[in-house]
Amino acid sequence: MSFNIKEWIFTTDHKRVGVLYLIGSIAAFGVAGIAAMLMRIELSTLGPTITTNPTQYNVWLYAHGAVMILGFQIPALTGFFANYCIPLMIGAKDVAFPRVNALSVWLFYVGIILALLTFVVPDPPDVMWTGYPPYSTITTGNTALYSFTVLVLGFASIIGGVNFLTTVAYMRAPGLKWSNLNIFVWCTLGAFVLQLIFVPVLGTAVTLISFDKYLGTHFFDPSRGGDVLTYQNLFWFYSHPAVYVIFLPFIGVVYEIVATFAKNRVFNHKVVLWGGIGGIVILSGEVWVHHLYVSGMADWIRIGQMVTTLLISIPVGLLVISLAGTLYKGSITFETPMLYALGVLFLFLIGGLTGIPLALTSLTLHLSDTYYVVGHFHYVMAVAGTFAIFGGVYYWFPKITGRMYNERWGKIGFWLTFVGVNIVFWIMMTVGVKGMPRRYYDYSAFPQFESAHQWMTLGAAILGVGFLIAVANWIIGAMKGAPAGDNPWRSQSLEWTTVSPPPHGNWPSPPSVDPDWTPYSYERR
Amino acid sequence: MHTENTAPGGRVSATAAAWAGGCAAWLAAASALAYEPASAAPGRINDPAAGWDHLWHEVIVDITIIGVIFALVMAWFLWRYRARKPGEVGTQSKLSPAAVIGWAVIPTFIFMADDFYLAANGWKLWNDYRDVPADRMEVKLESGMYSWDYTYANGVRTQNVLRVPAGKPVMLRMTSRDTLHSHFIPDFRVKEDSMPGRVTYLWFYPKAPGEHVVSCAEYCGVMHSYMAGKIIVMPEGEFKTWLDQEVAKLAPADKAVDKSAEKTADKPANPPV
Ligand code: HEM
Ligand SMILES: [Cu+2]
Ligand SMILES: [Cu+2]
C-alpha cells in the first residue's frame, strides 16, 4: 500500500474517513490525558504543587472534560467505528453521501484545532465543559472559543448522523433485514437519532451564552429578566442523552466482541433491539433533571425524574443480562479485545450500580458535585467507553491494517490500565462520599484526603503507561505486524468476508445474505 | 427452527413464570409505595443527616447484592464455557417465544420492583430534607465570589463563619450576588446551590457543640476551591450571649425585628429576592 497524503486528505472512502477520525480522536485522547495527568500531579500535594495559578488548573480541567467527550469519545464512537464498520457490516460499497462524510471529518478536525487552541490563546476558556452562566458570561476567559468548539463538533456529528441513517435505510445488502443487522449498527443508529434530536438544543444553549457575553443580551441574567437555570436545563437536555450517544455505540462494540469471542448467538436478540436500545432511546430524554438535583429546581420535577432515572435500570439491565447470556454455552477465548470487552462489563457494572444512589434525590443532596460523582461517571462512561474503544480498535485492527498486533503486549497494556483505573476511580468515589468536592485546585479545607490523592495519582500513572503501551502496540503492529488473514477471529459478521484491508468499494461484487442469516449464527456451518 | 429448547428458562413454562414473577414484583412495588412517608410527629424532628446515613447503608447493601450476583454468574460462565479445543463454536440455541418474553418481562418486573422500593425510600427522606421544622432558626445567606455572607434575623451579620445553637434546626435562605455557588456541609449531608434571581433553601440539625467545614460545591470561578467556611455549633447559652453582644454592636438602623417565631413547618415557598 503506497502512502499518498493527498489521497488521504481528500478521500471519500468511508474506511479512510474512519481512520482519519480514529487518528484525530486518539490524538485528542492523548492531549486530554496529559491534561488529566497534570491535574493528578497538581493534586498530589495539599496546596500548590506544579502551578500556583488556579486558573491554570481550571483550564486543564476544562480541556480535559471538553476534549475527552467532544473530541475523543463521541468522534471515536460515532465517527471512527460508525464509518469503518457500518458500510462493511451492511454489505454496502460506501456510505450514501461520501462527500458529506468527508466534510464531516474535516469539520471534526477544525473542531479539534479549536479545542487545542485552548492551550495557546491568551485567555483560554475556564468555564468547565458545562459552561454554566453566570460565570461563563462574566469570566475573562474566552467563552466564544468554547461555544464555537461545541458548535463545530456538534455540526460534524449531525451531518454524520443524517448520512448513516440514510445509508442503513437504503444500502443494505440484498436479503439483509433490519432485525438481522449487527447490534452495533442498531446501537449507532440509536445514538445518531439522539444526536439529531438533541444536539441542536446544546447548540442553542452555548450560542445564547456567547450572545449574553458578547452581544449584551440577557437570557441568563435575572437582573434583566433572564433566568440562570434555563441554561442548565438546555445544556442537560442534550448532555444527558449525550451519555447514551456514548453508551450505545460502546455497548454495541462490546456486543460484537463478546459474540465473536464466545462464538455464540446473542442472547435474546430481539429484546436487545426493542427493549434495550429502544428503551434507552425513549427514556434518555426524560431524566436530565438528575443533573440539577441541587441546583434549585422545583421539588415536583426532582421527584419525577428520580423515578424516570431509576427506570433506566430496566433497559440497561436487559442489555447486561443479554451480554451475560451470550456467554452461556459459548466457546470463549480470551484474546486482548475480549479482555477489554469483559473489562467494560466489569467497569460498567460498578459504574451503573453506583449510579443508583445518585438517582435518589435525597442521597444526591450530599453526593452531588463531589468526587463520588466524578468517580461514578468515569467508571460508567469515561473509562468503560474508553475500554470499549480500545477493545474495538484491537478487534478490528487486523481488518483495518491486514496485520496483527502483539498479543502479549496487548494483554500487558490491558492489565495495567485495568488495575490503574480501579485504583484511581474507586478511591475517588470513597473520598467523594466523605465530602471531597469536585473541581478543586486546592483541597486545603480537607487535609485528611492528601494520601488518598497521592494513591490516585499513582493509579493514574499506571493506567497512563497501559494506554501508551496499547497505542505503541497499534503503531508497531500497523507497520510490521504479521499478516493477519481476512478473518482471524472466525467471525460470522459481514465485515470479515472481504479481504483485509478491504479495497475501495469493499467487495469485488456486493454480497447478499440468506433471510435466516444473522451476524451471530455460529451453529449453522 | 429448533423445537427442542435448552436455553435457560426455556423448559419451564416461561409465560407462567413471567406472570408469577410479575405479580410478585408488583406486590413488592405496591407495598413499597404504600409505605406512607410519615411526617414527623409534632415536636419530633427527623434529622436528614441520620436519615441519609441510614438510606445510604440500605442502598449500598442493595447494589452490592445485585453486583455480586451478576459478577459471580459472569465469572462462572467465563470459567464453565471457556473454549476447550480450537475451532469449537457456541451451542446456545434460539429462545422459544415464551422464553423471549419471560427473559424480558421477569427482569423488568424485578428491576421495577427494586426501583420503586428505592424511590419510595428516597422520597421519604426527601420529605425530611424539604419540610423544615417549625421550631427553627432562620438565617439569610448571600454568597459571592468568594465568601459566604450570613445575616441573622435580628440583623447581625457574619462572614464565612456561621454560629448556631446546639439542638435547634437551622434553615438557610440563600441567594447569590454573582455566580452560582453551592453551600455544602459534608457533616450534615446537605448542599443546595445559590444563584442570582432566586431564593433556595436548605436546613440542617446541629445536635451537639462542635465545628463543621463548609465548602463550595458548584464551580463559581477562579478561587472556587478556596471558598471554605465554618459552622460553629455552640451550647445554647453561649450562643445567646454571643448573639446579644453582636446585636449590641449594631447601629440602630441595621437592627431587624426577629420574626422567626411565626414560622410553620412546611416546604417554604420561594419569595422573589
Ligand atoms: C484515563 C484517565 C483519566 C484520568 C486519570 C482522569 C482524571 C480526571 C480527574 C482527576 C478529574 C476531576 C478533577 C476535578 O474535579 O478537579 C476528571 C474530570 C473529568 N473527566 Fe477525566 N480522567 C480520565 C479519563 C477521562 C475520560 C476517558 C473521559 C471521557 C469522557 C473523562 C471525562 C471527564 C470529565 C467530563 C470530567 C469532568 C470535567 C469537569 O468537571 O468539568 N475523563 N478526570
Ligand atoms: Cu463558590
Ligand atoms: Cu465554588
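FYI, residue positions are counted from 1 along the chain as it appears here.
Each Cβ is built from the backbone N, Cα and C atoms, and glycine gets one as well.
Among the features that TrEMBL reports, transmembrane segment is placed at B:12-35 (among others).
If you look up TrEMBL, you'll see B:55-79 (among others) marked as transmembrane segment.
Annotation comment: TrEMBL describes B:100-120 (among others) as transmembrane segment.
Per TrEMBL, domain 'Cytochrome oxidase subunit II copper A binding' is recorded for B:134-245.
Feature annotation from TrEMBL assigns region 'Disordered' to B:253-273.
Annotation source TrEMBL lists compositional bias 'Basic and acidic residues' at B:255-266.
This prediction places the mean pLDDT of the domain 'Cytochrome oxidase subunit II copper A binding' (B:134-245) at 95. Sequence-distant contacts of the transmembrane segment (B:55-79) (same chain, six or more residues past either end, CB-CB distance under 8 Å): 114, 118, 121-122, 125.
Each residue in the domain 'Cytochrome oxidase subunit II copper A binding' (B:134-245) gets a DSSP state, and the totals come to 16 helix, 57 strand, 39 coil.
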